[in-house]
Amino acid sequence: SVRLTGTKYGCGGGGCGACTVMLSRLQPATRTITHYSVNACLLPLCQLHGASVTTVEGVGSTKTRLHPVQERIAKAHGSQCGFCTPGMVMSMYTLLRNRPQPTMEDITQALAGNLCRCTGYRPIIDGCRTFCQVQNCCQKGEQNPDEPFLPLDPTQELIFPPELIVSANPKTLTFRGERVSWVSPSSLEELLQLKARNPEAPLVVGNSNIGPGMKFKGVLHPLMISPTRVTELFEVTRTPQGVWVGAGCSLTEVWSLLEKLLPQLAEEQTGLFRALIRQLGTLGSLQIRNVASLGGNIVSAYPNSDLNPVLAAGNCRVSVVSAGKRELPLNQDFFVSFGKTILKPEEILVSVFIPFSRKGEFFGAFRQAPRKESSFSTVTTGMRVFFSEGSRVVQDVSIYYGGMGPTTVCATKTCAAIVSRPWDDETLSQAYNVLLDELVLPLSAPGGKVEFRRSLTLSFLFQFHLEVLQKLKEMVKYKPKPLKWTTSFVFFDFSSTPLLRLLLLQHVPKDQSDQDPVGRPIMHRSALSHATGEAVYCDDLPATEGELFLALVTSSRAHAKITGLDASEALRLPGVVDVITAKDIPGQKARKLCGYEEELLAETEVSCIGQMLCAVVADSRSHAKRGAAAVKVAYEDLPDPAVEKSSFFEPRRTIERGNVTEAFESVDQVHEGELRIGGQEHFYMETQSMLVVPVGEETEFNAYVSTQFPTLMQEAIAETLSIPSNRVTCHVRRIGGAFGGKVVKTAALACITGVAAWKTNRAVRCVLERGEDMLITGARHPVLGKYKVWISRDKTIYSQEGLLIMLLKFLLHFDNAYNIPNLRGHAAACRTNLPSNTAFRGFGVPQSLLVVENMVEDVAALLRRPAHQIREINMYKGPSVTQYKLEFSPENLQRCWEECKLKADHGARRRAADQFNRENRWRKRGMSIVPIKYGIAFSDGFLNQAAALVHIYKDGSVLVSHGGTEMGQGLHTKMQQVASRELHVPASKVYISETSTNTVPNASPSAASCGTDANGMAVQNACQILYQRLEPIRLRNPKGSWESWVQTAFYEKMSLSATGFYKGPDLYMDWDKKEGRPYAYFTFGVCCCEVELDCLTGDYRTLRTDIVVDIGRSVNPSMDIGQIEGAFMQGLGLYTLEELKFSPSGLLYTRGPSQYKIPAVCDVPLRFNVYLLPDSSNPHAIYSSKGIGEPAVFLGSAAFFAIKDAAAAARSESGLVGPFSLNSPATAERACLACASPFTQKIPASKPGSFKPWALNI
């Protein structure tokens, strides 16, 4: 109602940071104001009594005054699609309110809970680091030396509202909703009475546990109790033995308290404190730690809790009250089952006692998680050992693990094997065997990763062993015997702050007009609107009168007949208006793609979990979701949904160069291998969003859709409603990220929403929850690649045969950069009972090329030669021809290769990495340098066309419309630059409002990296027509102004509007002849990556990345470098981090940021250098530029192969050499197991087929 739409809804679970706001409260005890960042999506409104909430609109505005944070992120090019930008701004703004001169560590910690899918984070960090007061930290001179930043003046910030500076309200606060009541007592006595009367009512402090359960699992709590005003829960008391910490204290407050106590105590007293601080630093995001309570973390009893094992190992205890009071030790008996403790329902945890450590008492805390920060742990541990003074005999020991069962577990038998024995290698060697027998996980254990988790328990104990040995040296002057396993072990902090640098190597010609913006690093035209929250996205559009919200009902079975669908209960619920089924569709009930039809709403049979069955429309989002949950669907299961052998879609494709059969007949050495590549979720920050509004006459509709393909939305809605396309207008202002995922499924969703609007004759809005989006819309295709290769004596790859489970672009790219004389590829798409996958940035090429490059790595391993040498020998040189007989010049590919080796100092660093590996047993460094040759344009020639409409108004302002959509790639900004150059006017006179089908009809999708190529030529054509039309006037009045020429043209009755059109190249591929010209040109690039791998846990850090890309003459270098960096980080996620997990029944487990991890700030390379190849040109695109949106995704594979290189170095320590399997993504689990350390080799290997796995291997 207040129209504050800047705060974005990205995931609903506190995992993405898009909804970050600043919360300010008065602390009654100190009368000070505290500011902290929080996730608005998890924070109950009822809990904000007495608090001040600042959203991005309160920070600054383009209409009044920008805040320096907003300005610097925008000017540093830190905003692309802009959907995450308000959250980034608020995280940084809150930090500056608390620390006006932050360190880089402060900045990276503040941003750790904010995800971005577009930029790669580097420009965001660069914008924020300008606030650092560290020497050589500020980079504003590099970014734009002629435009100084606004100074930060803390005295000008908003004050805390005086009306909130009042004494504490002693009264109980009660709020009643439709189904839930919220009570906030003001005293402990009242809280106890409430809990005694309502023992099942949950206590809510941070809502980081209860909230997601209610939102995503449908848990209903009729009464919720908020104890945030009970002072006893927040008191801190120091005793001679330790500290009592109130259970309601937030984790941030606990961290701050422990940090303050460190300098006040003797070092020997702070062992437990340091272990807790170590875990608190990576537990959740800062936004979560700011609200999640210590007591809540304990009683939630998550089996993979980071804190509970440490608290238990440290002999902590808790104070609980009900009718009486008691103290309980935090030990294995405290945690009784998953999510359960020994506390009685009416008991309340009041405080936690954290003891001081003693002399001779040492603590260890370790964790491994899918992502280094803001991620639930896979395995976590807390360890404590106590020695008498001057002795190395163990007096007492405690070892607790999380992630090794349904509760926090104590390794009791292992402790018994250690106690009363000297702490040495012999004792610990026996302990490893005991631990292995004691902590056994069933092979079907929830969470999977059984071998990895078991190996981590050993690795963590080994790491603790080494830490204690070091401390024993200092305490008892003990000199242990040199151990094979401890050689040169040094712990590495994988949370190192990024030290990043950017070089722009392209410059505009000296004679270019200052007014001409082409080739200059112009800021995104909407960057300031993104940073202030003023940018309008689909779901920001104001609701119209009578608007309804649509929620989908999806299949819960993978392969079944629908025997009944009962919506009667849903229709009786308050607010529910109607239920839309397939019977309501007046036109086409299915969408056809590539010759196959997919039903909009299933009628008789379902083929995957997540298939759409019907939709519920109601007067609000919550009512629609309740209605959808009330629809009852009956099924009859069909035979096993497992795919039959050789069940493929047609057609299957084959392509060949040379004669592979003859080549293999005449060889002696043949190598065969295979590689599995997992799928990848798009994770665009803005989920699928649309609003369909009936205009009111002649069956006309306005559709506001977040899509890359407005024309398809128009056609699909029209066909579904059986009306002409001219009755449907699709509007797209901007998209909060897409990456190929907002085309096919978006059309189906728009059709269903359109049917609902048609049937109810009311506006209908559909915005998917993150989990729904991930379940329904599909992802990047997973791939199984098999290959056979012959290597000649000169190290040339002479023959290659590939079998790839995917199609066209796979086969057109599987040569990559290599001139292999004989090669043959087969490709087929498998039938499955999983949701259909869809286009994703690169559309098959990143998978295809990874298989090829993995083959090259295998060849190098067989020949015992560096992989970069094999690549160089086989790379295209001189005039070349692809396997489909397209001639091209690889000169710029060679230049990129040599330039990257030079810029990266490849030779010297390769030698340094080898030396490092010789000196370190448990840390290994790996390097890889990988090229790419990527074809640009649609291989279906008819899609290579574009149109534009340009209007000049009497005041000289220019309005440009074109068929491309703005989704973060800066297309509108580049079109503004094109119009500015062609019309010879300042860019400020050119405006682009939206993309709509009523201004530019029949537009192709914004995809295939050719948006600028096609639309730029169309805009250029329209502007040239207009400028030529004005020529007579310009010649008559050469000294006149632009405005005077335009006005004269109007009075002389000249048209000041023109349509531009671009007829692209007639590209094609003849699969019968196996030849064609499917691409207009190639974009070349090379990436060199160096990583450091922890062989015990599989954790890695990208130390440095150097990228050289040939993009011709860039229209906007800042935009293009942003695309390169963002694509690289997306590729880094694809190849090393992001895993889609499906249950054996076909259910997607990973349906949100809590389970699915995309790269975060902690994953940015410590040095990240991007170079644009100088002196390059391209006659096939606007102003000699090249498409760049997709190619750089594959460059992320350099990190994958660097990890594999490091793993190979680790394997050599165990005598393992030659090719080995490492599937993608190279997660910590896969990297650790590939290293084949003595600990992983202790774990018995599981036999496939002997058990039912927790997740499918797809």
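Even glycines carry a Cβ here, placed using N, Cα and C.
For 1-59, the entry in TrEMBL reads domain '2Fe-2S ferredoxin-type'. The [2Fe-2S] cluster 1 binding site annotation in TrEMBL covers Cys11, Cys16, Cys19, Cys41. The [2Fe-2S] cluster 2 binding site annotation in TrEMBL covers Cys81, Cys84, Cys116, Cys118. The domain 'FAD-binding PCMH-type' annotation in TrEMBL covers 175-359. The annotation FAD binding site is assigned in TrEMBL to 203-210, 293-297, Asp306, Leu349, Arg367. The annotation Mo-molybdopterin binding site is assigned in TrEMBL to Gln708, Phe739, Arg841, Ala1008. Taken from TrEMBL, the feature substrate binding site covers Phe843. The active site, proton acceptor annotation in TrEMBL covers Glu1190.
Everything TrEMBL records as a feature, shown here on the structure.
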| residue | record | Cβ within 10 Å |
| --- | --- | --- |
| Cys11 | [2Fe-2S] cluster 1 binding site | 28 |
| Cys16 | [2Fe-2S] cluster 1 binding site | 31 |
| Cys19 | [2Fe-2S] cluster 1 binding site | 23 |
| Cys41 | [2Fe-2S] cluster 1 binding site | 25 |
| Cys84 | [2Fe-2S] cluster 2 binding site | 30 |
| Asn207 | FAD binding site | 25 |
| Asn297 | FAD binding site | 26 |
| Leu349 | FAD binding site | 23 |
| Phe739 | Mo-molybdopterin binding site | 29 |
| Ala1008 | Mo-molybdopterin binding site | 26 |
Item to check | Those binding-site residues, out of Cys16, Cys116, Leu203, Val205, Gly295, Asn297, that come within 10 angstroms of Phe739 (Mo-molybdopterin binding site) at the Cα | outcome: none
Next on the checklist: Between Asn207 (FAD binding site) and Cys41 ([2Fe-2S] cluster 1 binding site), how many Å separate their Cα atoms?
Outcome noted: 10
Checklist entry - What Cα-Cα separation, expressed in whole Å, is found between Cys118 ([2Fe-2S] cluster 2 binding site) and Arg841 (Mo-molybdopterin binding site)? => result 12
Item to check | Minimum Cα separation from Asn209 (FAD binding site), reported as the residue among recorded positions Arg841, Phe843, Glu1190 that achieves it | outcome: Arg841
Checklist entry - What number of additional C-beta atoms lies within 10 angstroms of the C-beta atom of Arg841 (Mo-molybdopterin binding site)? => result 25
Item to check | Spatial neighbours of Gly295 (FAD binding site) that are distant in sequence (at least 6 apart) but have CB under 8 A | outcome: Val205, Leu233, Gly246, Ala247, Gly248, Val318, Leu349, Val350, Val352
Checklist entry - Which ones, of the binding-site residues Cys84, Ser293, Gln708, Arg841, Phe843, Ala1008, have a Cα no more than 10 Å from the Cα of the residue listed as 'active site, proton acceptor'? => result Arg841, Phe843, Ala1008
Checklist entry - Taking every residue in the domain 'FAD-binding PCMH-type' (175-359), what is their average pLDDT? => result 95
Checklist entry - Rounded to a whole angstrom, what is the largest C-alpha distance between any two of the residues Gln708, Phe739, Arg841, Ala1008 that the record assigns to Mo-molybdopterin? => result 12
Checklist outcome for this item: Within the same chain, the residues at least 6 apart in sequence whose Cβ is under 8 angstroms from that of Phe843 (substrate binding site) are Gly740, Lys809, Ala1008, Glu1190
Checklist outcome for this item: Smallest Cα-Cα separation from Cys11 ([2Fe-2S] cluster 1 binding site) among the binding-site residues Cys81, Cys84, Leu203, Asn297, Gln708 is shown by Cys84
Item to check | Of Cys84, Cys116, Ser293, Asn297, Gln708, Arg841, i.e. the binding-site residues, those within 10 Å of Cys19 ([2Fe-2S] cluster 1 binding site) when Cα atoms are compared | outcome: Cys84
Checklist entry - In the structure shown, which of the binding-site residues Cys116, Val205 has the fewest other Cβ atoms within 10 Å? => result Val205
Item to check | Entries of Cys16, Cys41, Leu203, Ser293, Asn297, Gln708 which, being binding-site residues, have CA atoms within 10 angstroms of Cys116 ([2Fe-2S] cluster 2 binding site) | outcome: Cys16
Checklist outcome for this item: If you rank the binding-site residues Asn209, Ser293, Gln708 by how many other Cβ atoms lie within 10 Å of their Cβ, the lowest count goes to Asn209
Item to check | Distance [Cα-Cα, Å, rounded] between Gln708 (Mo-molybdopterin binding site) and Cys81 ([2Fe-2S] cluster 2 binding site) | outcome: 13
Next on the checklist: I'd like the Cβ neighbour count for Leu203 (FAD binding site), meaning other Cβ atoms within 10 Å of its Cβ, all protein chains included.
Outcome noted: 23
Checklist entry - Within the domain '2Fe-2S ferredoxin-type' (1-59), how many residues are helix, strand or coil going by DSSP? => result 7 helix, 19 strand, 33 coil
Next on the checklist: Could you check which of the binding-site residues Cys16, Cys41, Cys81, Cys84, Arg841 is the closest Cα neighbour of Ser293 (FAD binding site)?
Outcome noted: Cys41
Item to check | Rounded inter-Cα distance in Å - Arg841 (Mo-molybdopterin binding site), Cys81 ([2Fe-2S] cluster 2 binding site) | outcome: 15
Checklist outcome for this item: Surrounding the recorded [2Fe-2S] cluster 1 site, with Cβ no more than 8 Å from the Cβ centroid of Cys11, Cys16, Cys19, Cys41 and those residues left out, we find Lys8, Tyr9, Gly10, Gly12, Gly13, Gly14, Gly15, Gly17, Ala18, Asn39, Ala40, Gly87, Arg770, Pro1153
